Amino acid sequence: MTESAPHPTDASVPAPAPAPPSSRRGRHGLGASVVGAGTLLANIFGYALFLVLNRELGAEELGAVASLLNLVIIAGVAALSTQLVSAWRVALHRPDAQATAVRTGFIVGLIVTGAVALLTPVIVPLLHLDGPLPVLLVAASMLPTCLIAAVQGSLQGAERFVALGTVYAVASAARTAGGALAAWLGWGVTGVMALTAVASWLLALAVLTLVRSHLGRTMHADVPTQVRRVLSGMAGTSALLVASTIDTPVARHVLSGEDSGSYAVLSLFAKAAFWGPAFLATVLFPHMSRAKGVRPLLVALGGTAAIVAVGVAASAVLSSPLIRIVGGPAYTHLAELVPVFTALGGAWALSQVLVFWGAARGRHIVGYLVWAAVGVATIVVELWRHDSVGQVATTFLIASVVVTLVGIVTSVPRGRPRAPAVHG
């Protein structure tokens, strides 16, 4: 997202009168509850998928599937940028904002699909795959992923949090059902990715009905797209999707098949800590887009920090039973690493708040910090710290903590608060 002169709303589309403070607080409280519940259910379904995969696949196949599912997220970095740009435009009542969102999601999805397909010959040997089909199936899931993100952005900007929370939960349930069914049927890595892609397409078709009144406008030539802003904003707004997932493919590359499977199991704790508090930044993002002060940032940071602290403490105390539940008896020797992975995800969760705040202000410095830190951590792992699961995890943990601390210093203004940037 690029920055331009402050301009609160388009003159041709007057914003509705602001709601009373008590009404806004009630709406935000309900929104946080619903989106939080949707995020929680999405995480539960995600864990359920890995529980099934862990029991139906061997360590080698589990490592491959985990890397490919993380590749779906990494390749879908444009999806989060699409969601935030769409939410921003809808929150500020820009003309044809929802039609623009869908049109943009479609075009961006095609671009990302082509990019993944072109990179398939490079990805296959890096992930030690037997052939290109699983990666091509990842490419096939990119268009529906970007369309879903566009609709989620429309719901987020319009503060339709009940629908947004429902989409989060149903999306995860659909993908979990597809992947789990393929694993249970013994279809292996390719089958898991195939049914996951099919689930994404079915979900996209269903989710588009939530904005069906705007679909007709998406075909009109006078409806603008935000492709350039989505692509330019990817480095900042979507860095956290890469940061929170890249360690698993890196571990797959540098560790043995058995150790990469162990890393995949432990990464569930990082994902729980990352996605668990995400509802706070999601609910507060429309307010971040309009606010002149830093209160939304401080509320989101404080709430996220509290959730992360509880999570890390609980994972330290309950590490042994937790690893048995998630991975089974074969992984109990990894219990001491559970709080490390929880802290890793928690640090990225705090950074995500800062990235969202920067996106609302048209500033992506924290996103660039994330990219730099992840790049350095990846190089360090590749060259030196790759002898164990713990070495890989602690290297990325240090990177995440550095980003969080530096990001807080650079994001909280010491002078006059910066007004939100406005995009066309």
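Here the Cβ of each residue, glycine as well, is placed from N, Cα and C on the backbone.
According to TrEMBL, the protein carries these features:
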- 1-26: region 'Disordered' (REGION)
- 30-50: transmembrane segment (TRANSMEM)
- 62-85: transmembrane segment (TRANSMEM)
- 106-127: transmembrane segment (TRANSMEM)
- 133-151: transmembrane segment (TRANSMEM)
- 163-185: transmembrane segment (TRANSMEM)
- 191-211: transmembrane segment (TRANSMEM)
- 231-251: transmembrane segment (TRANSMEM)
- 263-285: transmembrane segment (TRANSMEM)
- 297-318: transmembrane segment (TRANSMEM)
- 338-358: transmembrane segment (TRANSMEM)
- 365-384: transmembrane segment (TRANSMEM)
- 390-409: transmembrane segment (TRANSMEM)
**Request:** Any chance you could find the range in 30-50, 62-85, 263-285, 365-384, 390-409 with the most Cβ pairs under 8 Å to the transmembrane segment (338-358)?
**Result:** 263-285
**Prompt:** Which sequence positions outside the transmembrane segment (106-127), separated from its termini by at least 6 residues, show Cβ-Cβ distances below 8 Å to it?
**Reply:** 64, 67-68, 71, 75-76, 78-79, 82, 135-136, 138-140, 142-147, 150, 218, 225, 227, 230-231, 249, 252-253
**Prompt:** At least three Cβ pairs under 8 Å linking the transmembrane segment (62-85) and the transmembrane segment (365-384), pairs spaced 6 or more in sequence?
**Reply:** no
**Item:** Surrounding residues of the transmembrane segment (365-384) on its own chain - C-beta under 8 Å, 6+ positions past either end
**Value:** 235-240, 242-243, 246-247, 250, 253-254, 351, 354-355, 357-358, 391-392, 395-396, 398-400, 402-403, 406-407, 410-411
**Message:** At a C-beta cut-off of under 8 Å, are there same-chain residues at least 6 beyond the transmembrane segment (191-211) that contact it? List them, or none.
**Reply:** 53, 65, 68-69, 72, 98, 101-102, 134, 137-138, 140-141, 143-145, 147-148, 151-152, 154-155, 163, 167, 170-171, 174-175, 177-179, 181-183, 185
**Message:** Let me spell it out: take the transmembrane segment (30-50), skip the flanking residues so only those 6+ beyond its ends count, and list any with a Cβ under 8 Å from a Cβ in it.
**Reply:** 66, 159, 161-162, 164-169, 171-173, 175-176, 179-180, 264-265, 268, 271-272, 275-276, 278-280, 282-283, 326
**Complete:** Residues outside the transmembrane segment (390-409) whose C-beta sits under 8 Å from one of its C-beta atoms, at least 6 past its ends, are 243, 247, 250-251, 254-255, 263, 266, 301, 337, 340-341, 343-344, 347-348, 350-351, 354-355, 365-366, 369-370, 373-374, 376-377, 380-381
**Asked** So what's near the transmembrane segment (263-285) in sequence-distant terms, Cβ-Cβ under 8 Å and 6+ beyond its ends?
**Response** 28, 31-32, 35-36, 38-40, 42-43, 46-47, 50, 54, 62-63, 65-67, 84, 87, 91, 156, 161, 164-165, 240, 244, 247-248, 251-252, 255, 296, 299-300, 303-304, 307-308, 311-312, 315, 322-323, 326-327, 331, 334, 337-338, 341-346, 348-349, 352-353, 356, 359-360, 389, 392-393
